[in-house]
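A short worksheet on the structure shown next.
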Amino acid sequence: MSSSSSSELEMEIFQYIDGHQSDFIKDLKEWVAVQSDSVQPDLRKEVIRMMVLVADRLAALGATVNSVNLGSHQLPNGQDLPLPPVILGELGRDPQNPTVCFYGHVDVQPAKKEDGWKTDPYTLTEINGNLYGRGATDNKGPVLAWINAVETFRALKLVVNFKFVIEGMEEAGSLGLEKLLEEENQCFFSDVDYIVISDNVWLSNKKPALTYGSRGNACFFVEVECGGKDLHSGTFGGIIHEPLTDLIALLDSLVDPTGHIQIPGIYDSVAALTEEERKLYESIEFDLEEHKKNSGVKKFLYGTKEEILLHLWHYPSLSIHGIEGAFHEPGIKTVIPSKVIGKFSIRQVPHMDLSVVKQQVVEHLEGVFSRRNSPNKLKVSMPLGAKPWLADVNDPLYKAARRAIKKVFGEDPDFIRDGSTVPVARMFQTITRKSVIMFPIGAADDGEHSQNEKISRHNYIEGTKVFASFFLEISKLHRHLHETSNMEIKN
Ligand SMILES: C[C@H](N)C(=O)N[C@@H](Cc1c[nH]cn1)C(=O)O
Ligand SMILES: [Zn+2]
Ligand SMILES: [Zn+2]
């Protein structure tokens with residue numbers, strides 16, 4: 001395609017996207033309305049219903065769709081729960097075109113209006129140019145932006161062959177996905193050239209970014225149990241070892257007030273900080289005050305941008321998420337719970353080994369517990385473990401995405417890492433050995449996992465354009481790379 005016909009096509013595509021804004025927002029509203037929360041077992045049927053909507057949407061695009069059944073999984077209480085299917089889709093098979101596989105997820109984190117949402121989390125609501133709703137940015141909005149961009153091309157001209165992997169268990173650790181990728185490696189993925197994930201956000205509220213690394217996550221349950229039933233605190237308080245007191249001591253032993261993890265050995269294999277990496281953190285544009293404002297907290301653990309980035313990207317962190325079995329409703333209940341489960345996770349970084357981390361956590365907790373001389377029962381498990389990911393920014397994928405961003409947003413992107421985890425990034429890299437990029441369209445103030453999650457109308461629509469522009473750029477670059485390698489072979 002000549003460069004003039006390519007830019008004419010791009011103009012037409014951008015016009016098409018601008019002209020279809022309300023349809024695109026209507027689709028997002030329909031998707032956000034589904035309570036596809038993969039964390040709460042009661043809502044699993046909603047996740048499955050969501051997967052049907054995705055399959056229908058891809059079929060309407062003209063894609064071949066395969067809903068792959070992953071069977072079921074067992075909850076800690078022994079209950080069997082069906083896993084939602086993974087949708088594998090395919091559109092276009094022109095051998096002249098590169099094949100780009102897009103990964104996204106359509107399950108969401110839990111959300112209730114009472115948690116402090118200003119609007120109903122499952123009713124997409126536009127206020128001052130922002131589209132509020134659970135999943136708006138994580139990850140239904142970006143998945144739809146990609147689909148919108150594909151639809152635009154299908155309506156005009158296909159320059160890329162598309163593949164889709166859409167799952168419904170990402171927020172619960174992508175259960176069953178790794179096995180499917182292994183099974184499909186020689187089939188579905190055999191002709192894939194590039195893999196794109198758009199499941200994180202920029203470092204800034206306004207400046208676009210491309211992500212080349214993310215942390216992993218090791219999630220733990222620590223269970224303490226006394227007898228088989230809850231007890232009256234007046235009748236038994238003061239004469240027994242209370243499970244919640246044990247648990248609080250255990251949780252308190254994990255991290256000190258400076259944020260330093262107290263588990264012996266945990267920092268041993270963290271990759272050494274190179275001079276190059278240190279310089280990168282110094283040179284990156286990052287507004288600490290904006291980040292603080294986005295979080296709503298008054299003070300961070302560290303005072304400089306370099307320290308903050310190091311502790312988000314280079315070092316592991318430990319967060320405590322909750323306690324199952326402890327009384328948490330309003331009011332007073334004078335009970336001693338008989339069994340409590342503490343939940344925490346460690347975001348790990350390159351070179352940390354999941355099985356070593358697990359062993360260090362278990363040994364540490366058993367040691368603290370044994371020093372308490374408690375007769376209670378302790379159980380530590382790691383229900384989930386996702387590995388960190390790091391990519392090569394010299395890959396053509398990054399070049400194409402950078403050009404598309406420059407065209408649509410008028411500026412060069414930040415090259416960033418992400419403190420959160422997309423378990424599939426590392427799986428794709430290890431299993432398929434294809435190049436992977438994280439290409440976010442959401443902004444730093446989108447509030448992923450938080451109350452009042454949103455994506456701005458601007459980011460949703462310009463994000464659709466940036467994906468469309470990326471299709472043109474990757475198709476040009478891919479052809480160029482092939483022509484040059486063919487010439488080298490002939491010479
Ligand atoms: C970055 C992505 N949108 C996301 O939110 N991922 C989750 C995945 C996860 C990790 N452990 C359990 N789930 C996250 O980083 O929390
Ligand atoms: Zn996500
Ligand atoms: Zn998420």
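Yeah, the Cβs are placed from backbone N, Cα and C, and that goes for glycine too.
The following features are taken from TrEMBL:
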| type | residues | note |
| --- | --- | --- |
| BINDING | HIS105, ASP138, ASP199 | Mn(2+) 2 binding site |
| ACT_SITE | ASP107 | active site |
| BINDING | ASP138, GLU171, HIS449 | Mn(2+) 1 binding site |
| ACT_SITE | GLU170 | active site, proton acceptor |
| DOMAIN | 214-367 | domain 'Peptidase M20 dimerisation' |
| SITE | HIS232 | site 'Important for catalytic activity' |
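Using a 10 Å Cα-Cα cut-off around GLU170 (active site, proton acceptor), the recorded positions HIS105, ASP107, HIS232, HIS449 reduce to HIS105, ASP107. Less than 6 Å separates the Cβ from ligand 1 in the case of ASP138, ASP199, drawn from the recorded positions ASP107, ASP138, ASP199, HIS232 in sequence order. The most densely surrounded of the recorded positions HIS105, HIS232, HIS449 is HIS105 (count of other Cβ atoms within 10 A of its Cβ). With the residue listed as 'active site' as the anchor, the candidate recorded positions are ASP138, ASP199, HIS232, HIS449, and the one with the nearest CA is ASP138. The secondary structure of ASP138 (Mn(2+) 2 binding site), as reduced to three states from DSSP, is coil rather than helix or strand. Listed in sequence order, ASP37, SER38, VAL39, HIS105, ASP107, VAL108, GLN109 are the same-chain residues six or more apart from GLU171 (Mn(2+) 1 binding site) with CB atoms under 8 A from its CB. Cα-Cα distance from HIS449 (Mn(2+) 1 binding site) to HIS232 (site 'Important for catalytic activity'): 36 Å (rounded to the nearest whole number). Rounded to the nearest whole angstrom, the C-alpha distance between ASP199 (Mn(2+) 2 binding site) and HIS232 (site 'Important for catalytic activity') is 47.
Across the domain 'Peptidase M20 dimerisation' (214-367), the model assigns an average pLDDT of 96. Residues from the recorded positions list (ASP107, ASP138, ASP199, HIS232, HIS449) with a C-beta closer than 6 Å to any atom of ligand 2: ASP138, ASP199. Around the Cβ of ASP107 (active site), the number of neighbouring Cβ atoms within 10 Å comes to 27.
Proximity of the recorded positions HIS105, ASP107, ASP199, HIS232 to ligand 3, judged by a Cβ distance under 6 angstroms to any of its atoms, singles out none of them. A distance of 43 Å separates the Cα atom of ASP138 (Mn(2+) 2 binding site) from that of HIS232 (site 'Important for catalytic activity').
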